[in-house]
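According to TrEMBL, the protein carries these features:
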| type | residues | note |
| --- | --- | --- |
| REGION | 1-72 | region 'Disordered' |
| COMPBIAS | 18-30 | compositional bias 'Basic residues' |
| COMPBIAS | 31-40 | compositional bias 'Basic and acidic residues' |
| COMPBIAS | 49-60 | compositional bias 'Basic residues' |
| DOMAIN | 88-252 | domain 'Bms1-type G' |
| REGION | 316-355 | region 'Disordered' |
| REGION | 367-386 | region 'Disordered' |
| REGION | 419-442 | region 'Disordered' |
| COMPBIAS | 431-442 | compositional bias 'Acidic residues' |
Amino acid sequence: MAATEEKQQGHRPGAFKQKNKVHKHGKHRTKGEVERENKGRVSVTALTKKQRKEQKKIDRRNKANQLRRNKKDMILTEKRRLGGRDGPPHLVAVVSLHTDADASSVTKMLRRETVGGIVHQEQCVSGLGDSFGLILPRFKQRFTFLHQDTADMHSLLDMAKIADSLLFVLDAAEGWDDYGDYCLSCLFAQGLPSHALVCLGVSDLPVKKRVEARRALSKIVEVRFPDTRLFPLDSDQDATLLLRHLGSQKQRKLGFRSRRSHLLAQCVTFTPSDHSEGSSGGPSGLGTLCVSGYVRGRPLRVDRLVHISGHGDFQLSQIDAPSDPLPLNLATGRSNKSGRGGDVDMQDGGDNEAPVRVLMKADPTTRESLQAEAEVDPMEGEQTWPTESELLEAEEARKNKRVMKVPKGTSDYQATWIVDEDDNGELKEESSEEEEDDDDEMLDEAMDDEDEDICSQEEEEEEVCPTERTGADQRYDEHMDEAAEEEGLRRYREARANEMFPDEVDTPIDAAARIRFQRYRGLKSFRTSPWDPMENLPQNYSRIFQFQNFERTRRRILAEAAAEEDGAMVGWYVTLHIMDVPSSVMDSVQAGRPLTLVSLLPHEQKMSVMHVLVRRHPSNTEPIKSKEELVFHCGFRRFRASPIFSQHTTADKHKMERFLRPDAPTVVSVYAPITFSPAGVLLFKQRSDGIQDLVATGSLLSCDPQRVMLKRIVLSGHPFKINRRSAVVRYMFFNRDDILWFKPVELKTKWGRRGHIKEALGTHGHMKCVFDSQLRSQDTVLMNLYKRVYPRWTYDPYVPSPLPWVKKEGTVELDDLDME
């Protein structure tokens with residue numbers, strides 16, 4: 001016992017014992033050998049870290065298969081829900097892309113009884129006569145077909161935002177014409193949903209020419225639709241195959257509509273309000289608009305605002321659940337009036353007497369408000385600087401002050417009664433010149449050369465003997481707008497001058513440059529020099545809203561919208577009661593235009609500074625000037641505004657562009673309601689004759705009022721005398737005070753020299769400058785000046801309906817002229 005107790009225990013190495021490297025014998029152990037050797041033991045260093053689960057190869061393969069299977073089941077469930085019992089009917093818009101392609105023949109073919117469908121409801125869409133609901137018991141699907149006219153571009157784009165599929169009708173010989181290609185350009189830029197191509201009249205051709213005609217048409221189609229199948233539609237079997245393809249094809253998701261609940265109005269009623277009668281009654285009176293349709297996209301909540309495309313934002317009062325007008329089990333003789341869940345309260349008695357149910361009513365305390373602009377408090381800002389009105393009053397007082405020669409000893413009171421003969425005219429000229437100097441648009445007009453004005457005057461004074469116009473020339477001139485031609489010539493000259501001499505302006509001779517360019521400043525480096533984004537903000541910035549972090553807010557709101565499960569679910573047929581809607585909405589429905597609604601996300605009714613990244617469309621060749629009125633199609637919204645253009649860079653300052661560049665992406669900034677990306681954007685320019693041309697296409701970039709956009713002007717001078725690194729420069733300024741004022745600003749030359757003003761020579765604008773190296777006699781000295789610019793507050797939600805689009809070159813066809 002004593003010997004056992006006195007036995008000493010063996011030494012056990014600690015966790016920090018030195019471990020020498022094992023000899024590398026060149027053999028590699030397999031994973032099985034490593035596991036057998038360890039026998040479940042874990043090293044001390046691994047116990048102190050987070051456990052990592054190591055999966056075997058078969059486990060990783062099973063996990064990948066499971067994720068793939070779940071994703072496939074989710075896609076199949078979503079595809080089967082569309083057009084099925086639990087989803088909305090499959091909405092198909094039939095669009096003709098050629099004047100000779102008859103879209104009504106396609107709808108007549110699909111409406112036949114021999115195709116296998118049951119036409120349940122004629123004119124199922126309010127305002128559209130050629131629309132019907134179709135039930136296919138064989139496929140257990142239901143469709144809603146409507147014929148959309150391409151003459152109204154606004155209605156076509158609105159329908160493409162809602163439709164699940166677009167059915168394009170092509171001509172057997174040409175495919176699509178010029179206007180059809182223009183429509184496709186707009187649809188592709190906005191976001192094209194699932195689509196199918198149909199061709200009529202192939203069976204009418206001779207048997208030997210059918211294969212050749214199909215091959216030629218396939219080559220035409222491959223330009224726009226490289227992977228899309230072309231379906232002939234000449235028999236009932238072709239119609240059945242087309243319906244099967246529409247019901248089973250993969251749905252293309254559009255980001256701006258899949259994240260918001262939207263609805264196509266199938267039944268619309270308008271009830272005038274009591275307060276709208278009388279003085280405010282008539283076409284401008286307000287009332288309650290009841291819109292019935294199927295909920296699509298996301299669940300619809302009653303406390304959210306709804307946007308009616310082309311008419312504005314409105315509030316909901318309640319949501320009803322009437323009976324489904326297009327039940328899928330119609331062929332079996334059963335009704336489908338329920339299906340809204342068991343938690344819905346009945347409005348009156350049983351289902352047979354009052355099938356309309358009230359799903360939910362809006363709570364005024366939680367309902368979102370229609371406030372679009374922030375409340376402006378004029379006392380909130382600093383009072384150390386005079387307001388614009390005070391500056392204008394002081395300016396008017398200075399303009400009205402007269403300086404005249406009076407006899408010696410005349411008092412001020414007596415001098416006010418002395419009137420000079422040329423005094424009124426001189427005052428008017430001086431005031432007009434000073435107003436033009438104060439106007440910001442003076443910089444753009446200063447780009448015009450004086451030589452062009454002199455030439456234009458000489459051309460006007462020159463006597464031209466007009467030749468006799470007969471036949472084709474006379475008819476050609478009748479279709480030409482001379483005012484539009486002169487305006488186009490002026491724009492081309494401005495764009496050409498801006499391209500040859502970027503941002504260069506002439507220094508005024510009869511005015512001081514330090515006063516003319518007093519809002520501009522010089523920068524040591526455009527990239528690194530600081531510019532405070534909160535400095536000297538305009539009055540309109542007090543009317544807008546701003547996010548502390550727009551991207552973080554966007555992700556949070558989109559995540560909350562994706563997780564919402566309350567409200568009217570997708571596929572339910574509901575009736576929305578919209579409050580305070582003008583009667584012009586009902587007039588638009590009665591005129592045959594479709595009515596589309598979308599539920600807005602939080603903050604999407606508020607005004608801010610939106611930035612859009614666009615590229616100029618290749619079909620547009622006319623110069624587009626900054627601050628020119630354009631028509632915007634941004635997501636579900638449509639409005640008019642005057643934006644400004646700037647470069648797309650990653651810096652904290654961005655140079656303003658005077659014209660929309662055709663060779664680079666451009667950022668378009670405008671005052672507009674907040675919209676969370678992604679969303680496609682289309683820019684149109686309205687001609688003088690009412691036709692709207694597609695100018696640019698792009699997508700939303702951000703919402704950032706603090707984006708600094710700087711307008712640059714370049715003052716140029718020419719070296720007069722050169723002595724190595726120093727030179728005498730003239731023609732940049734015309735008096736000594738201006739030289740002393742702009743002396744701290746750095747100078748540059750077109751050949752890359754840098755320098756600064758050393759001193760002024762004389763009183764006529766000559767100055768001595770020093771550069772970093774030898775100056776060439778043919779070089780030009782430049783001075784860059786910058787000022788911050790802001791968009792114009794010209795937001796207008798009303799956009800007039802455009803006229804049918806025609807090519808400018810095709811206004812007068814040569815075949816129609818009598819060439820004598």
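Glycine too: its Cβ is placed from the backbone N, Cα and C atoms.
Curation plays no part in TrEMBL annotations; they are all automatic predictions.
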Quiz item: So what's near the compositional bias 'Basic residues' (18-30) in sequence-distant terms, Cβ-Cβ under 8 Å and 6+ beyond its ends?
Solution: 37
Quiz item: What are the DSSP helix/strand/coil residue counts across the compositional bias 'Basic residues' (18-30)?
Solution: 0 helix, 0 strand, 13 coil
Practice problem: Quick one: average pLDDT across the domain 'Bms1-type G' (88-252), no decimals. | Solution: 85
Quiz prompt | Counts by DSSP class (helix H/G/I, strand E/B, coil) across the compositional bias 'Basic and acidic residues' (31-40) | solution = 8 helix, 0 strand, 2 coil
